[in-house]
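Over in TrEMBL, the protein carries these features:
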type	residues	note
BINDING	D:R47, D:K53	NADP(+) binding site
BINDING	D:R124, D:S125, D:S126, D:G287, D:K302, D:P303, D:T304, D:A305, D:T306, D:R328	FMN binding site
Protein chains: 4
Amino acid sequence: MSSSLGTLFRISTWGESHGPGVGVVIDGCPPRIPLTVEDIQAELDRRRPGQSKIVTPRKEDDKAEILSGVLDGLTLGTPIGILVRNTDQRPSAYTEMQQAYRPSHADYTYDAKYGIRAVSGGGRSSARETIGRVAAGAIARKVLQQTLGGYECLAYVKTVQNIEATVPAAAELTSALIESNIVRTCDPVAAEKMIELIEKIRTEGNSVGGIIECVVRGVPPGLGEPVFDKLEADLAKAMMSLPASKGFEIGSGFGGTTLTGLQHNDEFYMDGDKVRTRTNRSGGIQGGISNGEEIVFRVAFKPTATVLREQKTVTNTHEDTTLAARGRHDPCVLPRAVPMVEAMVHLVLADHFLRQRSQMG
Amino acid sequence: MSSSLGTLFRISTWGESHGPGVGVVIDGCPPRIPLTVEDIQAELDRRRPGQSKIVTPRKEDDKAEILSGVLDGLTLGTPIGILVRNTDQRPSAYTEMQQAYRPSHADYTYDAKYGIRAVSGGGRSSARETIGRVAAGAIARKVLQQTLGGYECLAYVKTVQNIEATVPAAAELTSALIESNIVRTCDPVAAEKMIELIEKIRTEGNSVGGIIECVVRGVPPGLGEPVFDKLEADLAKAMMSLPASKGFEIGSGFGGTTLTGLQHNDEFYMDGDKVRTRTNRSGGIQGGISNGEEIVFRVAFKPTATVLREQKTVTNTHEDTTLAARGRHDPCVLPRAVPMVEAMVHLVLADHFLRQRSQMG
Amino acid sequence: MSSSLGTLFRISTWGESHGPGVGVVIDGCPPRIPLTVEDIQAELDRRRPGQSKIVTPRKEDDKAEILSGVLDGLTLGTPIGILVRNTDQRPSAYTEMQQAYRPSHADYTYDAKYGIRAVSGGGRSSARETIGRVAAGAIARKVLQQTLGGYECLAYVKTVQNIEATVPAAAELTSALIESNIVRTCDPVAAEKMIELIEKIRTEGNSVGGIIECVVRGVPPGLGEPVFDKLEADLAKAMMSLPASKGFEIGSGFGGTTLTGLQHNDEFYMDGDKVRTRTNRSGGIQGGISNGEEIVFRVAFKPTATVLREQKTVTNTHEDTTLAARGRHDPCVLPRAVPMVEAMVHLVLADHFLRQRSQMG
Amino acid sequence: MSSSLGTLFRISTWGESHGPGVGVVIDGCPPRIPLTVEDIQAELDRRRPGQSKIVTPRKEDDKAEILSGVLDGLTLGTPIGILVRNTDQRPSAYTEMQQAYRPSHADYTYDAKYGIRAVSGGGRSSARETIGRVAAGAIARKVLQQTLGGYECLAYVKTVQNIEATVPAAAELTSALIESNIVRTCDPVAAEKMIELIEKIRTEGNSVGGIIECVVRGVPPGLGEPVFDKLEADLAKAMMSLPASKGFEIGSGFGGTTLTGLQHNDEFYMDGDKVRTRTNRSGGIQGGISNGEEIVFRVAFKPTATVLREQKTVTNTHEDTTLAARGRHDPCVLPRAVPMVEAMVHLVLADHFLRQRSQMG
């Protein structure tokens with residue numbers, strides 16, 4: 001289904017950006033997992049507009065309501081419904097878009113597919129759809145924290161356009177470090193430059209992209225499936241389903257194609273009674289299955305398609321025209337994409353954890 | 001499920017490399033599609049070992065038998081079963097691997113997951129598993145050719161290590177050009193260098209990787225789903241499920257992250273009565289849905305993990321040891337990965353074509 | 001998944017009886033189907049408590065809100081979210097049930113499965129869960145009416161305990177006839193007796209069951225799948241998933257087991273250019289696939305498990321005890337089960353219609 | 001998918017009756033389950049034609065070959081492929097059927113659905129399709145025996161036409177008793193009468209139906225899902241997907257509709273530390289979830305559609321005609337349906353066992 005993800009920890013998101021609300025239903029969540037609305041709200045707050053000067057100033061509170069599946073702070077094992085009402089609906093700000101297809105948006109392809117479209121606010125193709133993902137991800141994370149001892153997932157902005165962050169040693173790479181700056185990068189010096197660039201780009205009515213890197217710790221060996229549902233394949237799908245993503249690579253990635261096998265292979269060694277690898281070009285996954293090392297991958301995000309400068313395009317009645325977007329948009333999606341990337345990791349891993357437990361006991 | 005792919009055009013592969021055989025069942029194929037065993041064999045022959053001097057010299061005929069679902073050259077609409085018997089089983093060549101985990105292979109992770117493993121020949125993690133994919137892909141291709149007028153999928157080797165092919169103009173990029181050299185690249189000059197490099201690397205007992213690029217033509221606007229099952233997400237998953245793949249990017253990919261929105265956006269224009277884009281940084285997909293332009297993506301393949309030189313590793317009883325692979329292996333997987341990439345494209349598109357027809361009529 | 005149904009027209013229900021609300025998400029609905037909240041409300045009103053003197057007097061308005069997927073009276077092709085707030089929450093009426101397992105209810109098995117349970121109002125095992133089904137069924141019905149010319153689904157009460165309705169000739173079996181009495185039977189004379197029996201049983205604090213028969217018209221030949229997802233198999237599952245159902249039979253059903261093959265077979269004949277059968281012991285489905293005749297099946301519903309008389313049972317701390325239910329319950333579920341049966345038919349057929357269109361075009 | 005069943009223990013059958021063979025792929029089977037080809041063959045032998053004087057005399061050896069997923073007598077956790085070659089292909093015996101639609105068979109509906117059909121031997125609608133089910137069921141049974149202590153599933157013929165078996169006390173109802181007669185009933189006296197009836201009916205070129213009852217022991221409380229995938233709903237679907245089945249009822253079934261709630265409810269009591277019910281009108285399942293009592297259900301099978309007497313019908317070119325079947329057919333499907341019913345129970349329960357383990361650990 002287009003709007004469902006997962007085999008056992010299964011989520012279904014719904015909602016248009018300027019309709020009554022957006023939300024998600026999570027089916028298959030284990031029972032008796034501690035869960036409060038604050039667990040969910042904390043992640044939504046990292047995702048929401050208006051949180052800093054470098055993201056869209058749209059005022060969207062994005063308050064979550066748990067509609068089902070939780071009682072007295074514990075999950076019931078039944079479907080968890082979550083609703084976030086839409087509040088900041090300003091259809092008037094988008095009038096021209098009813099006619100003109102925004103370049104590199106989904107306006108034209110939605111019309112081509114469905115023959116109908118919720119024009120206002122981007123409808124279903126709006127990034128508001130990710131609210132359901134982030135809310136569900138917060139629940140998946142609770143499941144993983146409860147069942148896998150030291151589970152931790154840290155995404156951070158690696159590059160904005162040509163500015164690259166230096167990644168510190170593992171011990172210093174913490175959530176606190178990443179959240180210490182509004183870009184959500186792991187390098188405070190680069191953070192300053194990135195903020196400066198994003199602010200400049202915004203004043204120009206332009207936009208920039210970049211790369212998010214993600215490190216996942218505490219995943220035991222054995223998660224994943226060996227053929228089509230390889231762990232890296234499901235992560236790739238999850239990341240490539242995020243708005244504006246254009247690429248995914250794990251471990252050595254594209255750069256690894258210039259090494260030889262002897263250079264690239266990760267030698268095994270015994271670390272006490274634990275099988276470890278000296279290097280991690282595999283990115284924590286071999287043959288589709290986790291090997292107990294850190295899972296490390298990167299996702300490329302294109303520059304935001306919405307720019308406040310005139311561009312050529314066509315109308316929905318197939319006339320050539322021009323369009324300059326108005327309204328309030330993110331000049332760079334990456335700071336808000338960090339919690340989205342993490343949410344997708346939680347969802348994929350919770351699903352694979354349940355799959356592993358199902359078959360292997 | 002680990003070994004099934006697709007929602008409506010659904011395949012299930014099975015088989016270990018040194019068991020009785022490998023194969024696939026395809027469920028959901030439309031009826032009355034012309035199909036012969038030769039359609040399938042032709043693609044298996046592009047995939048099989050021993051086809052040229054730069055691939056593994058293992059002798060595997062890989063003769064397909066259609067067990068069901070086809071009568072008098074037409075599909076019946078019922079499940080199509082395909083069987084390829086394993087012939088070249090040489091368990092003796094692999095004895096040491098029963099103890100030592102091969103670096104960057106799936107030996108250790110299979111043991112960690114299942115607590116049991118078909119050691120000989122790599123079992124289920126062998127590239128022989130892709131026989132089922134390529135056979136099913138040949139059928140998916142027939143479906144697409146029958147239903148979409150000018151459907152064509154062309155994968156080719158873009159780089160081997162640091163050697164990069166020059167891609168010719170669209171009109172000159174043909175299947176014949178790609179098949180004119182044993183590397184399956186689109187640049188005869190680069191082909192010579194690539195062949196030379198692969199042969200040199202093989203004599204060193206080493207291996208190399210590279211990048212495959214793929215261009216898909218004749219996909220109408222409207223295929224794909226807008227949220228989780230975005231067309232690029234399903235392509236990413238399909239590619240990242242291939243053995244040795246480490247990265248996927250579509251359109252502008254990772255390189256596009258250094259452009260601004262104004263530089264990156266694909267402006268629309270009318271080409272007669274057809275909506276077109278002047279550039280194709282979107283790679284033919286916008287918001288998860290095809291826009292009618294060529295679908296263009298790239299896949300990174302790591303250097304083959306099997307090298308004939310001694311490496312450090314551990315045994316399955318957790319002792320440090322060393323291992324030098326013996327046997328006959330591919331020094332570079334890319335020439336044989338080309339038909340695999342194409343097969344996965346056929347499978348993803350046939351599935352999305354049926355999904356589109358289901359919902360939209 | 002426990003709370004999802006359908007392959008292509010896929011619904012996910014959620015909600016506990018005394019939580020914030022109940023609802024459903026429908027994914028895969030075709031776009032541009034006319035749909036208003038009144039279409040949904042009309043069916044919910046046939047399902048809701050308090051509608052007549054023979055059903056539970058609980059006051060539940062069950063007002064539906066469409067949260068997504070519909071714009072200006074047309075479906076968008078994106079997920080349709082529907083919410084019904086719970087209003088009549090009276091946890092105090094159910095206090096004893098926190099300890100004692102109600103006989104023939106799901107209290108004990110929920111505890112055995114989940115180790116936790118929303119005790120108040122039956123939680124997820126309450127018949128309120130069927131609100132999501134009925135709402136989704138109303139949408140499925142619109143899809144079928146829009147795409148299949150003369151689609152019509154008529155369920156009616158065939159028996160209440162030992163009182164059996166006489167089914168009129170096809171031309172006289174109409175929705176108006178069935179809705180003309182509060183039992184929803186097709187025989188006004190039997191209706192009087194049924195009402196009398198139900199009222200008497202209620203005054204005794206007891207309950208009764210019965211059989212619902214369903215006739216589906218306007219289903220073209222060819223819907224259904226030949227092996228596991230046979231049309232009768234999916235209908236059986238749908239009906240046996242309704243609360244209190246204990247049996248399903250199609251066409252000749254259990255009674256047909258006493259006939260010989262010669263007596264039982266439905267002979268074909270040509271009716272103009274249409275292939276018809278003279279009898280319909282097959283119930284409109286042969287080999288899992290509709291044959292164009294009326295689909296006819298019956299569902300057995302047990303007497304309501306809630307009775308206002310003392311019964312022996314055990315507590316959740318495993319002590320023997322007794323329990324006499326209090327509160328407002330249906331002495332007979334059948335009148336309210338009629339729209340539920342119809343909803344499940346709509347859902348199964350809409351799904352199979354999309355599946356047929358997918359594979360066959 | 002039409003030919004796949006199960007969420008986690010998932011099977012896909014394939015094969016036409018007169019094609020190269022039939023078979024099944026099982027995905028999701030736990031690893032390290034002891035399994036030999038004899039485990040499978042034993043069940044296939046109970047299913048195969050020619051086993052006694054009251055079934056079809058067709059000579060079909062139905063020898064199973066395990067193609068994958070098993071090594072040295074243990075499952076690997078990877079897909080298990082099973083192949084049974086078709087040997088007794090006698091297309092000539094069926095020539096007339098190429099034109100005439102057999103009454104109450106799937107000939108017409110297959111043509112209506114697919115526009116093409118493997119006419120010879122019934123193609124995919126042949127009961128040979130159940131070979132894959134029975135083979136997979138034998139594996140599911142091993143999984144359940146390995147993981148649930150005293151798991152046992154006993155199906156037996158309850159009635160043939162009007163002859164009804166007396167079911168002995170639980171302690172005397174054994175597999176040995178059922179297998180002691182060729183009808184597979186639990187009553188040796190009734191067995192004689194049933195055999196006599198079936199032989200007489202065969203000599204008349206006619207056929208009879210009947211009812212199979214099934215008792216499942218050793219299922220712990222907690223298996224099943226509470227909403228759509230209720231355990232009784234999945235059993236109903238599984239049974240109604242068997243060829244010739246027309247009805248399903250669990251526990252009190254249709255007969256229970258004439259009781260009042262007070263008569264029908266199963267009171268709980270403590271049996272040592274175990275929660276038990278005094279009666280079992282629920283049939284071992286409450287609210288979709290097993291309660292630890294015996295699961296008891298019944299399936300109605302119609303008289304075999306193939307009769308050797310002339311019947312009216314139409315041709316595939318829509319002309320009225322007559323047809324008298326020739327060839328070797330079962331005058332009564334029930335003796336061979338007993339292992340099919342058991343196989344479907346094993347498959348449904350193995351799937352729900354894995355689902356339970358997934359969510360609840």
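Please read every residue number as a count from 1 along the shown chain.
Using the three backbone atoms N, Cα and C, a Cβ is placed for every residue, glycine included.
Keep in mind that TrEMBL annotations are predicted by a computer and have not been checked by a curator.
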For chain B, give the subset of the binding-site residues D:R47, D:K53, D:R124, D:S126, D:K302, D:T306 whose C-beta is less than 8 angstroms from one of that chain's C-beta atoms, in sequence order, otherwise 'none'.
D:R124
Among the binding-site residues (D:K53, D:R124, D:S126, D:K302, D:T304), which are close to chain C, meaning C-beta separation under 8 angstroms?
D:R124, D:K302, D:T304
Check the DSSP secondary structure of D:R124 (FMN binding site), expressed as helix, strand or coil.
helix
Chain-internal residues, separated by at least six, CB under 8 A from D:S126 (FMN binding site):
D:E16, D:S17
Taking only the Cα atoms, work out how far D:K302 (FMN binding site) lies from D:R47 (NADP(+) binding site), in Å, as a whole number.
18
Sequence gap of 6 or more, Cβ distance under 8 Å: name the residues on the same chain that satisfy this around D:R124 (FMN binding site), in order along the sequence.
D:G15, D:E16, D:S17, D:Y110, D:A118
Secondary-structure category, per DSSP, in which D:K53 (NADP(+) binding site) falls:
coil
Given a separation of at least six residues and a C-beta threshold under 8 Å, show me what packs close to D:T304 (FMN binding site) in the same chain.
D:S207, D:V208, D:G209, D:A244, D:H329, D:D330, D:P331, D:C332, D:V333
Counting only residues 6+ away in sequence within the same chain, which have a CB under 8 Å from the CB of D:K53 (NADP(+) binding site)?
D:I182, D:E199
Give the maximum pairwise CA distance in Å, whole number, for the residues D:R124, D:S125, D:S126, D:G287, D:K302, D:P303, D:T304, D:A305, D:T306, D:R328 listed as binding FMN.
44
Roughly how many Å separate the Cα of D:T306 (FMN binding site) from that of D:R47 (NADP(+) binding site), to the nearest whole number?
19
Taking the Cβ of D:R47 (NADP(+) binding site) as the reference point, list residues of the same chain whose Cβ is under 8 angstroms away and which are at least six residues distant in sequence.
D:D62, D:T130, D:I131, D:V134, D:R336, D:P339, D:M340
Which one is it: of the binding-site residues D:K302, D:T306, which Cβ has the fewest other Cβ atoms within 10 Å in this structure?
D:T306
Per DSSP, D:R47 (NADP(+) binding site) is which: helix, strand or coil?
helix
